[in-house]
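The domain 'Plant heme peroxidase family profile' annotation in TrEMBL covers 22-317. Residues or ranges marked as disulfide bond by TrEMBL: Cys32-Cys112, Cys65-Cys70, Cys118-Cys313, Cys197-Cys222. Residues or ranges marked as site 'Transition state stabilizer' by TrEMBL: Arg59. Annotation source TrEMBL lists Ca(2+) 1 binding site at Asp64, Gly69, Asp71, Ser73, Glu85. According to TrEMBL, the feature substrate binding site maps to Pro160. The Ca(2+) 2 binding site annotation in TrEMBL covers Thr191, Asp235, Thr238, Asp243.
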Amino acid sequence: MASSLSLQCCLISILFGSAFAQLSENFYVTSCPQANTIIQSQVKSAVAKEARMGAALLRLHFIDCLIGGCDGSILLDDTQSAIGERTAFVNGNSTIGFEVIDSIKAQLEKACPGVVSCADILAVAARDSVVMLGGPSWTTPLGRRDSTEAHKDLADTLVPVFLGDVSTQIGAFAMKGFNKNEFVALAGSHTVGLARCQFYRKRVYEAKNIDPTYAASLQANCPKEGGDNNTAPIDSTTPFVFDNAYFVNLMKQKGLLNSDQQLYTGKGGPTDAIVANYSSNQQAFFDDYAKAVVKISKMEVLTGTHGEVRTNCRRANGATN
């Protein structure tokens with residue numbers, strides 16, 4: 001069960017600070033001018049090969065930023081002395097795309113050795129993934145550096161927020177300077193991607209605020225017992241297209257996750273009007289989404305002499321295992 005709202009906000013406050021770093025879109029203009037082109041090419045190839053990879057790369061960036069800041073820590077492998085973030089509850093069995101980042105990093109190391117950080121790769125890959133899936137583009141500020149250690153303990157502290165209701169999550173993001181519009185826009189990331197049965201089972205069998213036909217269609221792949229890792233698209237209409245169908249579905253009580261459907265109650269809830277606007281005005285969603293993603297991508301980053309630029313995204317420089 002989720003804890004109280006005040007606890008959620010305190011936990012989030014520990015996880016990522018509200019300061020937003022000063023970065024520059026021109027950071028690599030002289031040191032690695034081909035950086036954006038290399039990343040874009042690799043992302044296009046990966047998404048063309050496997051459509052769900054676009055959502056996966058977007059999620060990697062978000063999870064990285066939400067756990068200790070946008071510092072590439074999500075990419076670190078376990079070592080003999082430290083456990084990485086991948087096995088944390090919020091990531092277990094659902095975070096993929098590491099091989100794509102490895103491929104991008106390898107190409108960048110050939111072109112510009114030791115220059116482009118893994119954290120920046122995640123930020124650019126997320127943007128390019130959204131574009132590949134039909135969504136908006138935005139100017140990505142660069143200059144992040146990589147952490148030398150993972151934040152597994154912080155990832156575990158995020159669990160109550162991850163499992164909390166929408167009020168909890170809105171409150172947590174408000175503590176970081178995000179308003180309700182920005183939060184709902186970011187929730188629109190669920191217009192692409194999949195969710196595991198264990199996270200929507202209770203809703204499809206017990207919820208009253210779900211379309212009965214939609215619920216029945218999900219039960220076959222999500223039995224009452226077993227099948228925890230079976231997946232369903234969060235947006236059942238256009239699961240691999242970045243559009244506003246997620247919000248249209250919420251207005252029809254076809255939200256897969258309980259926290260999603262809570263964004264639209266149909267009874268004058270705190271975010272009902274925002275969802276209604278985005279459902280009928282895709283451009284408004286795109287505009288707000290792009291601004292919110294840039295904002296989240298600047299939280300608690302390492303710059304200057306802090307951190308490092310890893311040559312291998314899976315381990316800190318100088319690490320032996």
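Cβ from N, Cα, C; glycine included.
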Rounded to an integer, what is the Cα-Cα distance in Å between Cys32 (disulfide bond) and Cys118 (disulfide bond)? 14
CB contacts for Asp243 (Ca(2+) 2 binding site) [other CB atoms within 10 A, all chains]: 19
Nearest to Cys313 (disulfide bond) by Cα, among Gly69, Cys70, Asp71, Cys222 (recorded positions)? Asp71
What is the separation, in Å, between the Cα atoms of Thr238 (Ca(2+) 2 binding site) and Asp64 (Ca(2+) 1 binding site)? 26
Rounded to the nearest Å, what's the C-alpha distance separating Cys197 (disulfide bond) and Gly69 (Ca(2+) 1 binding site)? Just drop the number here, would you? 29
Could you tell me the C-alpha distance between Ser73 (Ca(2+) 1 binding site) and Arg59 (site 'Transition state stabilizer') in angstrom, no decimals? 14
Measuring Cα to Cα, how far is Cys112 (disulfide bond) from Asp71 (Ca(2+) 1 binding site) in Å? 20
Which of the recorded positions Thr191, Cys222, Asp235 has its Cα closest in space to the Cα of Gly69 (Ca(2+) 1 binding site)? Thr191
Using C-alpha atoms, which one of the recorded positions Asp64, Cys65, Cys70, Cys222 comes nearest to Asp235 (Ca(2+) 2 binding site)? Cys222
If you measure from the C-alpha of Cys118 (disulfide bond), which of the recorded positions Arg59, Asp64, Asp71, Thr191, Asp243 fall inside 10 Å? Asp71
Calculate the distance in Å between the alpha carbons (Cα) of Cys222 (disulfide bond) and Thr191 (Ca(2+) 2 binding site), and round it to a whole number. 20
Fewest neighbouring Cβ atoms within 10 Å: which of the binding-site residues Ser73, Thr191, Thr238? Thr238
Return the member of Asp71, Thr191, Asp243 nearest to Arg59 (site 'Transition state stabilizer') in space, with distance defined Cα to Cα and candidates limited to these binding-site residues. Thr191
Which listed residue (Cys65, Cys118) has most other Cβ within 10 Å, given these are disulfide-bonded residues: Cys118
